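Structure record follows, encoded as structure tokens.
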Amino acid sequence: MKFELDKTQGRARRGRLQFERGTVETPAFMPVGTYGTVKGMTPEEVKETGAQILLGNTFHLWLRPGQEVMKLHGDLHDFMQWHGPILTDSGGFQVFSLGATRKITEEGVHFRNPVNGDKVFMDAEKSMEIQYDLGSDIVMIFDECTPYPATHDEAKKSMEMSLRWAQRSRNHFDKQENPNALFGIIQGGVYEDLRDVSVDGLTNIGFDGYAVGGLAVGEPKEDMHRILEHTCPQLPEDKPRYLMGVGKPEDLVEGVRRGIDMFDCVMPTRNARNGHLFVTGGVIKIRNAKHKTDTTPLDPHCDCYTCLNYSKAYLYHLDKCNEILGSRLNTIHNLRYYQRLMASIRSAIEEDRFDVFVEEFYARRDREVPPLKNA
């Protein structure tokens, strides 16, 4: 992987990631394909929304279908027929999400397989092996996602263990002679001093990119913004920065304002299935009865297949009838909205009008622009 940084405006960055499987223009949003599919979409449909890179889930793909089935096909690209780049998370967040059914030790994590109840163990080395078999273009280190809330001492112990796991991940990745990219994950909860230690430790180990983890786990937005404002300036300029599991359109804009290059989130796909559709002025709840007779498209500014062909009334009808097509059309629209948003952000940075873009973005939502410290 090669990262090129073309232009900056304030802390916002315009660049690109180059892989053997294709180029990713940044800032970029990655749709989530947890089980080797973006729910309800073919790879061709996902590509048509403008997506350049997908996220796959190491934990879930390890449990089902497993490494052997994956290797029979070649790797995850061959299995799901997505031939662009793929980033895989390490499984750390999913293990964190298991709650009381898991036991974390220095060696790794013992837990019950949520599929069949079997006892299972995952550690840094196993995560690297699974991601190697998946053929991930970007591999994530194995870490512990620090929960919120956490005391300073709890966050410190969690972050320090993640650093030790980061070194183990790096060692095993190098031992495999994996030709792809390996990203470190910064932890430390909402504590700036712990984030500093994490950044120092990870940059000393050395990675191809750096993710900010442990955010969007329940903390107030102000804390997320504060941690990003504090952390991003410390990261190497020549390496990509990835904000994990974020988020709403506003979160993407705020992340870019603070120096983030990459995002992923289930929000556009999950919200689509629940009838929450993102448009230029905010959100349309298609289940609202006022849309029953509305013959206009979701968003007159949108060029997606859904908006070019169907009315709000039709989407309302499909939702009321629980038709699968409704979820698919909604998903196409939401994914395209996110990609259009990222393309607009990239153009604005290129043309030195990102500040104006931000003002217009919030004006369309009748909201004030959130403050940006140390801009």
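From the backbone N, Cα and C atoms, a Cβ is placed for every residue, glycine too.
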To which of H276, H291, H333 does Swiss-Prot also attribute binding of Zn(2+) at the site defined by C302, C304, C307? H333
Figure out which of G56, G214, G218 sits with D89, S90, G91, G92, F93, D143, Q187 in the substrate site per Swiss-Prot. G214
Checking 42-48, 245-251, 294-300 against Swiss-Prot, the stretch recorded as region 'RNA binding' is 245-251
Please give the substrate site's span as the largest CA-CA distance among D89, S90, G91, G92, F93, D143, Q187, G214, to the nearest whole angstrom. 15
Around the Cβ of G214 (substrate binding site), other Cβ atoms found within 10 Å total 33
Which whole-number value in Å describes the distance between the Cα atoms of D143 (substrate binding site) and D89 (active site, proton acceptor)? 10
Three states by DSSP: which one describes G214 (substrate binding site)? coil
Taking all protein chains shown into account, the Cβ-based neighbour count within 10 Å for S90 (substrate binding site) is 30
